[in-house]
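Worksheet: one structure, shown below.
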C-alpha cells in the first residue's frame, strides 16, 4: 500500500448511523419480548395452580356455551318465529294528525282575536256580523239544521277556523252591505283595506285547512267531526255520516284504548277541545290505525337444554384428565395402604396435584426408610441380646467356675488359689467394662449426657494422646506415624468425650492391624474444619459393611467373640460423641487399607 493511499475508516453499523430510524423497531422488539415474558409467567402460574386451571376451563366452557346458545337460539327461533301486529304507532299517527288540526284551530282563534282587538273603526260591528257567515269549503260537509236532513246547501255552511265572517257567495275584498257602517267619500278607507287583507288571510287559511282535511280523508282514510258540547255535529268530513255523537262514550273509549295494548284492529278516535264559531266544541278524528307487523323469534327450551348439555360435556371432557389423575393418586394411596411401599405415583403436573404426588412419594420413601431402620434396629436388638448374653455369660461362667473351685477348696497350693482369684477378677473387670459401654451408649443415644465444651488446641490434645500409644503400638510390633500441622487449630470440644473417640479408633487399629504393620495418624485443615484420619492395613470392605461399622453391636467377623473383639459398641459410641459436637465420622476402604475420618468444626 502506498503512502498516498488513505486508510478508510471502518463503516459504522447501521444502528449507530441511524439510531432514530431503528428506534420503533427496537421498541416493537421490546414489546414482543415483554409479552413473551408475560405469557411465560402467566403460563407458569397456571401450570402451578389447579385453581387457575379450573377457572380458565370454566370460563372457556361458558364462552363456548354462550356462542352455541346464540347459534341454537337463531336456528330454533327461526322455526318458532311468531308474528306480532301492533297498532300503537297507527294510533299515535291519528292522534298526531288530530293534535295538528287542534293547533290550527288554536292559531286561527288567536288570529281572529287579534283582528277583533285591532279593529277600532266604526265598521267593527259590521265585520263581526260578516264573520258569522263564512264560505263553505268543497272538501268538507258542514252540519246544518235538522230540517235540512243533515246535508245543507253550500251557501248554508258554518264558519271554518281562520275565517272572518265572509259570506259564502261574496267576493273576497267586497264590503258588506251595511248602510250605517259604510264609509263616506270624504273619509279615509283604512278600515276597508285592513278588512280586505284579513279576508285574504282567511281565504288562505281556509284553503290550507281544506287541503289538510282532504289529505287526511283521501290518503289516511280518517273521519273528522266537530261537535258542540252536547254532541251535535256542527262540522264533518264528507266520509263521516254522523249527525250526533255520544261525546262521553267517545272520550271513555279513547281513554281505554290508550291505556291498553293495541293488538286488535278497531276504530280509534282522538278528540281535542277547540273553539268553533266562537263556541266551545270537540274535534274528533277517527279511523282505522295502520298496523306495524314485526316478527319475534320465540324462546325454545331445546336451545337451553342443548347449551347446558354442551357445557357439561365440554367441562367433563376438559377436566377428565385431572379427574383421572386424582383417581390415580387415590388408587396409589390404597396400594400403599396395603403395605406395598415400593409403589410410586407418577408426577404428571406442576400444580397442587403434582405437589401432592411428590409429597406422597417422599412420604412413602421416608416411611420405607424408617421401617427399614426399625427392621435393622430390631435385627440389632436381636443381635444385642445374642451378643450381650454370650459376652456376659462367658466371663460370668469363668468367674463362677473359679469361685466354685475356691469354694470347694479344689486347689493344691495357695499360688494356684491366687491364680484362680486373679482370673476371676480380670473377667469381672471385663464384664464391668461391657456393662459400662452399654450404659454410656444408651445415654448418648438419648442425649442424656451433658457436654462440657471448652476451647482447646486440637494439636496439643492429640500429641499427648499419641505419646501414650507409641509404646503400645511398639509392643504390638506396629509403627505409629504422626502427621500433624504446625498451625494451632482451636476447637470447642468436650475433651474427655473426644479422647474416648480417638482411643477407640487407635485401639481398633492396634488390635486388628496385621503384625508387623504401620498405623498412620494425620490431620489437615479444610474449609474451617479439622479433618483427622487414622489408617491401617485391613481386608477390603464393601460399601454396606462400611456403613454398618458404626451400628451398635455390629461385627464384620460374625465368628469374633469377646475374647478376640470388643463389645461392638465402640464405634457406635464414637459416632454419637462426634455428632453431638456437630461433626461427622465415616470410614473408607481402598488399596488394602481402611481409613477412619473425623471432621470437627474449628472455633472462629
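Glycine is no exception: its Cβ is also placed from the backbone N, Cα and C atoms.
TrEMBL tags one of the stretches 266-283, 284-301, 302-319 as transmembrane segment, and that stretch is 302-319.
Averaged across the domain 'HAMP' (320-372), pLDDT in this predicted model comes to 90. Within the domain 'HAMP' (320-372), the DSSP-based counts of helix, strand and coil residues read 39 helix, 0 strand, 14 coil. When the compositional bias 'Basic and acidic residues' (196-208) is classified with DSSP, helix, strand and coil residues number 13 helix, 0 strand, 0 coil.
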